[in-house]
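Undergrad: Quick paste of what Swiss-Prot says about this protein:
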- Arg14: site 'Transition state stabilizer' (SITE)
- Lys21: site 'Transition state stabilizer' (SITE)
- Arg151: site 'Positions MEP for the nucleophilic attack' (SITE)
- Lys207: site 'Positions MEP for the nucleophilic attack' (SITE)
Amino acid sequence: MYTLIIPAAGQGKRMGAGKNKLFLLINEVPIIVHTLRAFEKDEACEKIIMAINEQERSDFEALIQKYGIRKNVQFIQGGAERQDSVYHALQYVKETEYVLVHDGARPFVTNKMIHEVLIVAKEKGASICAVPVKDTIKKVVNDAVFETVERSQLRAVQTPQGFSVALLLEAHQSAKQSGFLGTDDASLVERIGKEVGVVEGSYYNIKVTTPEDLLIAESFLHVQRR
């Protein structure tokens, strides 16, 4: 069993929608509802904690009711940064020894991916899902190519990311004490010298971040429903 944390207090500035991107529609259903439905079907998910902007609480609650989400969903106040939201949410994890952290804007996560992440988290204490980088990656300095990075060992990291609650709490507390801001939760665990296991993600498991991503998400959904 695990508790799911969804940091959902972001403004989504790159989307340029003027509102929380999780409320935007894919095939007439809000992004966050697609995401919640993926975990709604998973019996191992004991509880969902969503760190939100308090001003949007009634909007989220209305979606839960409208779309019949039956899983136990708890709303808490999110922080200024994603990292702050996850740390705050960890204080409310009481029922399980393991936690998954997932981007609310990744609506195409699969049950297979969820459980592979959870299995490795139980084995190693921490796990991520990732896919090989397909593009050539270059390091650029002052608008000029500095070097081409060998991509064979590079991975594009996704969510969900899985952890023992005790380990993730230790990593967040260490980062907080040092004023360290990581790009994801796994980076905080790496920082304290702990191993993070890797499982195969999916190129379909996109994070809907820009208007172009909305179009891609629509096409993915149509393919899934054929």
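Heads up, the Cβ atoms here are built off N, Cα and C, so glycines get one too.
Please go over these features one by one and say how buried each is and what sits next to it.
TA: Other C-beta atoms found within 10 angstroms of the C-beta of Lys21 (site 'Transition state stabilizer') number 26, with every protein chain shown included. According to DSSP, Lys21 (site 'Transition state stabilizer') is assigned to a helical segment.
Within 10 Å of the C-beta of Arg151 (site 'Positions MEP for the nucleophilic attack') we count 13 further C-beta atoms, all protein chains included. In the three-state DSSP classification, Arg151 (site 'Positions MEP for the nucleophilic attack') falls within coil.
Its own atom aside, the Cβ of Lys207 (site 'Positions MEP for the nucleophilic attack') has 16 Cβ atoms within 10 angstroms in the protein chains shown.
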